[in-house]
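Written out below as structure tokens is the structure these notes cover.
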Protein chains: 2
Amino acid sequence: MAHPVSPLALPMPALPPIPGVRVATGMAEIRYRAREDVMAMAFPAGTTVAGVFTKNRCPGAPVEWSRAALKSGKARGLVVTSGNSNVFTGKAGRETCAKTAEATAKILGCKPKEVFLASTGVIGERLPTEKLVGALPKVFDAATEAGFTAAAAAIMTTDTFPKASVHTAVIGETTVTIAGIAKGSGMIAPDMATMLSFLATDAKIPAAALQAMLKKGCDKSFNCVTVDSDTSTSDTVLLFATGAAKHPRVPAEGGPMLKDFARALNAVLMDLALMVARDGEGAQKLIRIDVTGAVTARSAHKIGMCIANSPLVKTAIAGEDANWGRIVMAVGKSGEPADRDSLSIAVGGVWMARDGGVVEGYDETPVVAHMKGREVEITVDIGLGKGKATVWTCDLTHGYIDINGSYRS
Amino acid sequence: MAHPVSPLALPMPALPPIPGVRVATGMAEIRYRAREDVMAMAFPAGTTVAGVFTKNRCPGAPVEWSRAALKSGKARGLVVTSGNSNVFTGKAGRETCAKTAEATAKILGCKPKEVFLASTGVIGERLPTEKLVGALPKVFDAATEAGFTAAAAAIMTTDTFPKASVHTAVIGETTVTIAGIAKGSGMIAPDMATMLSFLATDAKIPAAALQAMLKKGCDKSFNCVTVDSDTSTSDTVLLFATGAAKHPRVPAEGGPMLKDFARALNAVLMDLALMVARDGEGAQKLIRIDVTGAVTARSAHKIGMCIANSPLVKTAIAGEDANWGRIVMAVGKSGEPADRDSLSIAVGGVWMARDGGVVEGYDETPVVAHMKGREVEITVDIGLGKGKATVWTCDLTHGYIDINGSYRS
């Protein structure tokens, strides 16, 4: 089931090699024959790691494995599979993870707990462990520093375009690179979309500082993007730092010398997160929602996500209708503090409603023109405080129903 | 824009007259010419009233009016308009409510605060108060006890079938009647759906007891039904009790003698709520979700609503696919206590997954047959406690996108 490339697709940048980070993809026949379904990465000794995982309360076995492995802060290998998510597989699923990590550790000469795992694909079926373990030596053998770029395409499932981003930062006077890839919002029938993202840098950063930055960056990027409000059981973001770059020592707690690195990391995360929204199932328009004047930033985020997840708002935008009544509805539905009579709403920078009523002499013309574009901007001012947040989503179209509801009928 | 009658429609019962409850519909040209857009009800002196309203934090002016009027517990009149919801209309909206109530009070010889108001329709436009007030004398003049049945059809907006229900109950040894009508899940472009329901009974029940029963009944009926997770700013349920029936005096706190009345009231509310789900925009299937084994009833309700509002679950059911992986996802997404390894899932009474894994020898055949029907039953056992809840929804189809996203494109 091939879908046309999203009209919101962006060109893919070439990723420079991150010294010591070797990447390869290969076939293990996990679900289909003659399809690339394994992506592996090897890291040099001394690599630190940070990770952010799904908040779903029923996560897959690989999420639990990687979450536990994160405690040491060290990484030497990564194995990502598609076709089977190893979710809802009980004890067998945990064994698959242990065996995969052990086999990888043997190949790389490291401890199993230095191997990270992520999977996407069908739920509730046992992952064919022998096939996967059998394929690993050949895959790691083929791993090269040049393989990172190709991996962006290889981890696509029904993504319609590959997603990669690279930014540089300065630590001390040394330039370091952060490169990342992501897959998301595609779907392997009969399965849910899963967002996976893997980043690598040559910076030398203690795991605790790396984790703090990744967590903060994801909160402002991946956690501000929604396609359909559904949360996969396998979402995983991992950042590996090899330490090959020759910059001054970064203290465990990070601190001011990582300011520029944090900026660049946030830029990579934001690039990738927005690509996921741009490739949202059936997406025809990218929607940015700025919420200001909420009582807190957290409240602003909740209101923004409530607007972004409202089927009535999303279908209105698909219909190119600046239906601000539906936005009022979504603000009120969020349950967050809001006073109808202090609420203001703009679309495409044009204020339509101010302080609880329609703007005097409101002219719809520029708003209608804005709605016809590929990128729609909504601003909601709650008028109560200083809390603000920005979230992104896509519109809800027939394409979403086609992708998710029609494959059997 | 007429839509075909929902395949889930039920035949409409004839409502018996409730003595003293006079109902009429009429035209006030609120938004369109030559369309019925006012429904009015008059009640005899001594009528008590209970009400349940939208939880939306940005409710319409009529909701605020009726909520305030409810404090006295007495009702003599009801005015319902369509075409304009009088939401997000600021001071002008409040004035419209006051003037409408004053005009009605003059006609009926009662206090303005004994008049209840509800509206559905476009948001953010001033309701033409003079037109509405001017139309009221003629509408109330035409009100008859026989008008209740016709009102069910008259308050439809883009509902595809009229919704009414009647049940009887015994208080002491006297039989009383509870009749109700509802509209819901239709839409007047460019507006959101609004659920309105009005019930009347000849029972004589103190307002406090009536309110307690209505609240409890709505929590188990209307508040357990979702079409698209979006919450209107105008949802209103009102129950009027005329007191014409000759049964023993009911104490203020209600109590055991209202047990049968509560049963019948719940039956009417449940009938109407399920009709709203059956007429959900684009609905092709009615979905019942039973959650058992949650830590509390509240937790079970949250999990049920999270499944019911999941676009991936709803599109899977539209596609007649028993995709229990998406149900696992939705349980985990709810944020409520759940342990993947104790979770069990059944569709159409057939257990597919038990205690965190696929059922040994699971045969999909009966499940596939069940999914092809108009009514789909999902059971989820969380395996942690004794909390249970049941919620209803409909599937998510191209029809929903057509109705909500295509009227301008």
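Backbone N, Cα and C define each Cβ position, glycine as well.
Just so it is clear, the model here is predicted, and its values are computed rather than measured.
As recorded in TrEMBL:
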| type | residues | note |
| --- | --- | --- |
| BINDING | B:T157, B:K183, B:T194, B:E281, B:N404, B:S409 | substrate binding site |
| ACT_SITE | B:T194 | active site, nucleophile |
Listed binding-site residues (B:T157, B:K183, B:N404) that sit near chain A [CB under 8 A]: B:N404
Where B:K183 (substrate binding site) sits in the secondary structure, as DSSP reduces it to three classes: strand
For B:N404 (substrate binding site): DSSP state (helix, strand, coil): helix
Sparsest Cβ surroundings (other CB atoms within 10 Å) among the binding-site residues B:T157, B:N404: B:T157
Conformational class of B:T157 (substrate binding site) under the three-state DSSP mapping: coil
Where B:E281 (substrate binding site) sits in the secondary structure, as DSSP reduces it to three classes: coil
